[in-house]
Amino acid sequence: MTSNVQLSETISPSHQKSHPTAEKEEVDYMQRAQWLRAALLGANDGLVTVASLMMGVGSLKEDVKAMLLVGFAGLVAGACSMAIGEFVSVCTQRDIETAQMKRAIENKLSLSAVDEQEEEEKKERLPNPGQAAVASALAFSVGAAMPLLAAVFIVNHKVRMMVVAVVATIALLVFGVTGAVLGKTSVVKSSVRVVIGGWIAMAVTFGLTKFIGSQAMEM
């Protein structure tokens, strides 16, 4: 009896110390990746689309109203397109994963308590189409609003073009760092990837806009 009491007293402090850590919840980065992907995709698309359109139109016509009009139209159309596209895409993904789960359950004659718990956890981790659509549309609007707000208060045309380009670069860098921090990945790799990818997309869009616009003006 005495040894049992002493043994319980010796292990009880360590048990108490390890108990809080056992109750500590771990972050589900797979679940976070669903809305994080949609948000970063929307923000990058909004920024790159509107900034490149504004610079393309600005290179053809030194009119701030034309730039803002094109930018605002790109914001509205892009946000709606991103929301609908993301909703349809995630719905398809959810339907495929749900069907796969049903087939897996049908192949088992009976589910144990552990199996049922695993199935419930899988259902909770299914992608949410509405959440992805809202996150994507809001993120696109935020990204698209940055070059618009940067250009609206500047009178000089050349300065306005430079400010839009600088703001776009800084915003791309911020998006890359934010995604890396929230996803616990490499900050340098994510930032470089987002900035370079964004600049390539803006350069292509800017070049095509300027080329098509100049050809149309000559006709």
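Cβ atoms are placed via backbone N, Cα and C, with glycine included.
Please treat TrEMBL annotations as automatic predictions, because they have not gone through curation.
Positions annotated as region 'Disordered' by TrEMBL: 1-25.
The compositional bias 'Polar residues' annotation in TrEMBL covers 1-15.
As annotated by TrEMBL, transmembrane segment applies to 38-60 (among others). Using a Cβ-Cβ cut-off under 8 Å and counting only residues 6 or more beyond its ends in the same chain, the transmembrane segment (38-60) has close neighbours at 66-68, 70-71, 74-75, 78-79, 82, 86, 90, 131-133, 135-148, 151, 157, 160-161, 164-165, 167-168, 171-172, 175, 178-179, 194, 197-198, 201-206, 208-210, 213-214, 217.
Residues 34, 38, 41-42, 45-46, 49-50, 53-54, 57-58, 127-130, 132-138, 140-141, 144-145, 147-148, 151-152, 160 of the same chain lie 6+ residues outside the transmembrane segment (66-92) yet bring a C-beta within less than 8 angstroms of a C-beta in it. TrEMBL lists 66-92 (among others) with the feature transmembrane segment.
According to TrEMBL, the feature transmembrane segment maps to 132-155 (among others).
Marked as transmembrane segment by TrEMBL: 161-182 (among others). Listed by sequence, the residues of this chain that lie at least six past the ends of the transmembrane segment (161-182) yet keep a Cβ under 8 A from its Cβ atoms are 32, 36, 40, 43-44, 47-48, 51, 54-55, 58-59, 143, 146-147, 150-151, 154, 189-195, 198-199, 202.
Here the transmembrane segment (194-213) has Cβ contacts under 8 Å with residues 40, 44, 47-49, 51-53, 55-57, 59-60, 168-169, 172-173, 175-176, 179 of the same chain, all six or more residues outside its ends. The feature transmembrane segment is assigned by TrEMBL to 194-213 (among others).
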Outside the transmembrane segment (132-155), six or more residues from its ends: residues with CB under 8 Å to it: 34-35, 38-51, 54, 64, 67-68, 71-72, 74-75, 78-80, 82-87, 89-90, 163-164, 167-168, 171, 175
